[in-house]
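This report concerns only the one structure given below.
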Ligand code: CTP
């Protein structure tokens, strides 16, 4: 094994026997493609859903279920001992029960007993099984012992039923794994517990007619990263999302909007009882003065009519004006193409918010990408540079700066 190989974080992906096992293939892909050394440990029941060949081909490692294979390597102890992270996805009700009670009758349950690294469970089951007091008590036991149990998503279950119990999106589980690996023990910090935060994300679209709109290139990824990290730190999160394709983050109250005026209404309403408001959305400053109910047609031999625009409300300035009275922390974003810092400082003063995250944007910068680089300017004059990296890291730094400012505010 060369040095680079040893430096790859070692992840054990436990897979228990649920129909959602097929989604764990995507999680596995994300983990391997982002440089993790993954060992899949399925249960025997999981192999009814996805075969061993798939797990070992995708991971590049053996994927046995039993402690009786390769016994000379003592796998029932070594796999858990050597892991930097164990993630069980999907975790069935049976798996949660075994883990809570310390049973060890196959390779995965042995691994869970020998692992000293962080453990993440992503449960998936029918709503009745999830809500059963036995499962709830097992989840509470696992959480008390320090395991991170992700709340299942709400939606279509196996067959025609819908409800709580769906495996969260693999991207969501991946983000949790990445966070746990990146933050270590700090991943468990609940420094936003008891706080309500409102985040806007994505971009607004201002319709011209039923088929056309004025829009922008915001993907929503930064706002969603803020929402996910706030939930992980214990906050109640309202995410006002404009025109993004991203799936709802687990445990977040998502309000979908289209236009700047809808965003304005939703943010102002939610902000009335929030501890912090973060405006990550790219809001259109202008909208067409008139909406044409039928599609605008071209007329042969005639130039098109110019489009008259009117101003949209400045939501950040409006929320900032209330922040002292409400004891809130308000954060804005500034997307700049030129004179980035000078424009940022002027904007911070103009908007009147506590913090302004200034980033440079351009055709290939920030928009749509999973990475970002920024400087966070504070009203007290401090500047916090955030190096180029995942949008999650920038989100964590925003909360790191929000938390001490919240301490001065009344709940
Ligand atoms: N913003 C807002 N309402 C608007 C426009 C922007 O709340 N009508 C918020 C954005 O969500 C962001 C911040 O204001 O947090 C700055 O957005 P930006 O587009 O950079 O600033 P503008 O005020 O539009 O300034 P300019 O276009 O002159 O750079």
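If you go along the chain as it appears here, the first residue is 1 and each next one adds 1.
Backbone N, Cα and C atoms are what each Cβ position is placed from, and that goes for glycine too.
Computed from a predicted structure; not experimentally measured.
Going by TrEMBL, these are the annotated features:
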BINDING   285, 295, 313, 314, 315, 316, 333, 347, 351  CTP binding site
DOMAIN    10-175  domain 'Flavoprotein'
DOMAIN    192-402  domain 'DNA/pantothenate metabolism flavoprotein C-terminal'
REGION    1-196  region 'Phosphopantothenoylcysteine decarboxylase'
REGION    197-411  region 'Phosphopantothenate--cysteine ligase'
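Shown here: features listed in TrEMBL, placed on the structure.
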residue: 285; record: CTP binding site; contacts (Cβ under 8 Å, 6+ apart): 311, 312, 314
residue: 313; record: CTP binding site; contacts (Cβ under 8 Å, 6+ apart): 260, 261, 264
residue: 315; record: CTP binding site; contacts (Cβ under 8 Å, 6+ apart): 200, 260, 263, 264, 267, 268, 279, 283
residue: 333; record: CTP binding site; contacts (Cβ under 8 Å, 6+ apart): 222, 279, 280, 356, 357, 358, 359
residue: 351; record: CTP binding site; contacts (Cβ under 8 Å, 6+ apart): 314, 316, 317, 320, 332
Going by DSSP, is residue 313 (CTP binding site) sitting in a helix, a strand, or coil? coil
